[in-house]
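Colleague: Found this in TrEMBL, in case it helps:
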- 12-61: domain 'Galactokinase N-terminal' (DOMAIN)
- Arg31: site 'Transition state stabilizer' (SITE)
- Glu37, His38, Thr39, Asp40, Tyr228: substrate binding site (BINDING)
- Ser71, Gly126, Ala127, Gly128, Leu129, Ser130, Ser131, Ser132: ATP binding site (BINDING)
- 97-182: domain 'GHMP kinase N-terminal' (DOMAIN)
- Ser132, Glu164: Mg(2+) binding site (BINDING)
- Asp176: active site, proton acceptor (ACT_SITE)
- 287-365: domain 'GHMP kinase C-terminal' (DOMAIN)
Amino acid sequence: MGASVGAQQVAERFAELYGDRPEGVWAAPGRVNLIGEHTDYNDGFVMPFALPHQAVAAVSRRDDGVLRLHSADIGGGVTELSLDTLAPGVDREWTAYPAGVVWALREAGHAVTGADVHLASTVPTGAGLSSSAAVEVVTALALNDLFGLGLQPWKLARLCQRAENVYVGAPTGIMDQTASACCEQGHALFLDTRDLSQRQIPFDLAAEGLRLLVVDTQVKHAHSGGEYGKRRAGCEKGAALLGVDALRDIPYAGLDAALARLGDEEEVVRLVRHVVTEDHRVERTVDLLRSGETRAIGPVLTEGHASLRDDFRVSCPELDLVVDTALSAGALGARMTGGGFGGSAIVLTEATDANTLTKAIREAFTSAALPTPRLFEAVPSPGARRLS
Ligand code: GAF
């Protein structure tokens with residue numbers, strides 16, 4: 001599938017389904033995270049950028065308390081829901097993401113009276129590239145515009161996170177929704193997840209003769225949901241043992257002393273070490289990019305992978321294979337991206353080496369009798385916006 005789906009095509013399908021043209025068409029992208037993994041629920045730093053792959057929604061208002069949802073990507077017809085019956089933890093289907101956003105908006109007191117929605121997305125699902133956040137954010141942005149709610153993008157991201165945490169029941173952080181809502185073309189987003197303050201960092205790899213490849217292993221290990229929650233709980237335990245609000249409050253310079261205080265809490269020690277060093281890696285990456293030393297971020301990305309593999313333990317053999325193969329074939333740096341346990345890795349490379357690396361990774365998967373991974377170039381793209 002290509003990276004984009006046309007506004008016109010989505011509007012036409014809407015008209016077929018609902019009998020009239022939509023009031024508008026909106027888009028919200030998936031993301032890759034350059035660095036800063038499993039830091040967002042520790043009040044830490046992250047640095048995602050938007051992909052060209054996006055969820056597109058054609059939407060019209062209704063005033064009768066009915067929400068109608070349809071997806072071009074999932075079999076089945078139109079799902080019709082009554083707004084009064086929306087409740088957390090009930091819906092286990094894809095519809096929980098857009099319906100959860102409507103629920104979160106209404107719970108926060110916003111007058112959303114119903115909608116007809118048709119969605120089509122090119123964000124790969126189950127690949128750690130935030131396909132769910134893209135659906136949430138595009139729904140929130142459309143309703144924000146149509147009902148004149150006047151909510152800022154960061155606020156929409158917060159409501160989408162609430163939809164995911166409470167309505168869908170996934171204990172995720174704020175990174176993915178903020179990335180989809182707030183990223184800008186040609187930039188990575190340096191986000192402080194404590195207060196949501198943001199800086200757009202210019203990130204134009206092509207101009208520097210570089211490429212960033214995304215390698216979707218197409219693997220999703222079944223235990224991912226529960227393991228994410230366990231890591232989060234372990235981090236919260238670490239913060240409590242250390243007497244801080246969140247692990248963000250442990251300064252890098254004070255890491256050894258903090259770890260010593262944790263004594264024989266070995267698992268917590270590993271989690272704390274990852275989070276504190278990862279926050280530091282985000283800050284190093286920002287400094288390097290701001291001083292024009294883009295190639296020097298490669299080893300920082302690779303260090304981040306080792307920390308996720310050995311300390312945080314969220315990698316898997318397929319992600320390690322991508323990283324090891326890319327580095328042996330001359331990549332500047334590589335790491336898993338997103339929550340882990342499958343999904344995607346990113347590889348920073350000289351543009352001139354991109355084909356060699358692609359071939360080496362494909363061959364390594366073939367030799368290991370694994371399905372061929374999906375590879376594409378990640379170009380920092382626009383965040384959520386109205387298309388028509
Ligand atoms: C997933 C979550 F949704 C994010 O909030 C973040 O925690 C990420 O995993 C790990 O950095 O994408």
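Cβ atoms here come from the backbone N, Cα and C positions, even for glycine.
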Colleague: DSSP on Tyr228 (substrate binding site), three-state: which is it?
Modeller: helix
Colleague: Are there recorded positions among Arg31, Glu37, His38, Asp176 that sit within 10 Å of Ser130 (ATP binding site), Cα to Cα? If so, list them; otherwise say none.
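Modeller: Of Arg31, Glu37, His38, Asp176, within range: Arg31, Asp176.
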Colleague: Among the binding-site residues Gly126, Gly128, point out the residue whose Cβ has the most other Cβ atoms within 10 Å, with all shown protein chains included in the count.
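Modeller: When each Cβ's neighbours within 10 Å are tallied, Gly128 tops the list.
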Colleague: What same-chain residues, at least 6 away in sequence, bring their CB to under 8 Å of the CB of Leu129 (ATP binding site)?
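Modeller: Those within reach of Leu129 (ATP binding site), by Cβ under 8 Å and sequence separation of 6 or more, are Gly30, Arg31, Val32, Leu51, His53, Val123, Val214, Asp216, Thr337, Gly338, Gly343, Ser344.
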Colleague: Which one is it: of the binding-site residues Gly126, Gly128, Ser131, Glu164, whose Cα lies the shortest distance from the Cα of His38 (substrate binding site)?
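Modeller: It is Gly128, whose Cα lies nearest.
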Colleague: Give the subset of the recorded positions Gly126, Ala127, Asp176 lying near ligand 1, defined as CB under 6 A from any of its atoms.
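Modeller: Correct list: Asp176.
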Colleague: Three-state secondary structure of Leu129 (ATP binding site) from DSSP?
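Modeller: For Leu129 (ATP binding site) - judged by DSSP and reduced to three states - the answer is coil.
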Colleague: Using a 10 Å cut-off between Cα atoms, which of these binding-site residues sit near Glu164 (Mg(2+) binding site): Thr39, Asp40, Ser71, Ser132?
Modeller: Ser132
Colleague: Restricting to the binding-site residues Glu37, Ser71, Gly126, Ala127, Ser131, Ser132, which ones have a CA within 10 Å of the CA of the residue listed as 'active site, proton acceptor'?
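Modeller: Within 10 Å Cα-Cα: Ser131, Ser132.
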Colleague: I'd like the per-state residue tally for the domain 'GHMP kinase N-terminal' (97-182) from DSSP, helix first, then strand, then coil.
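Modeller: Summed by class, the stretch gives 51 helix, 7 strand, 28 coil.
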Colleague: Around the substrate site (Glu37, His38, Thr39, Asp40, Tyr228), what further same-chain residues have their C-beta within 8 angstroms of the site's C-beta centre?
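Modeller: Surrounding the site, in chain order, are Gly36, Tyr41, Asn42, Gly44, Val46, Gly173, Met175, Arg231, Val275, Glu278, Gly339.
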Colleague: Taking only the residues in the domain 'GHMP kinase N-terminal' (97-182), give me the average pLDDT of this model.
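Modeller: Mean pLDDT for the domain 'GHMP kinase N-terminal' (97-182): 98.
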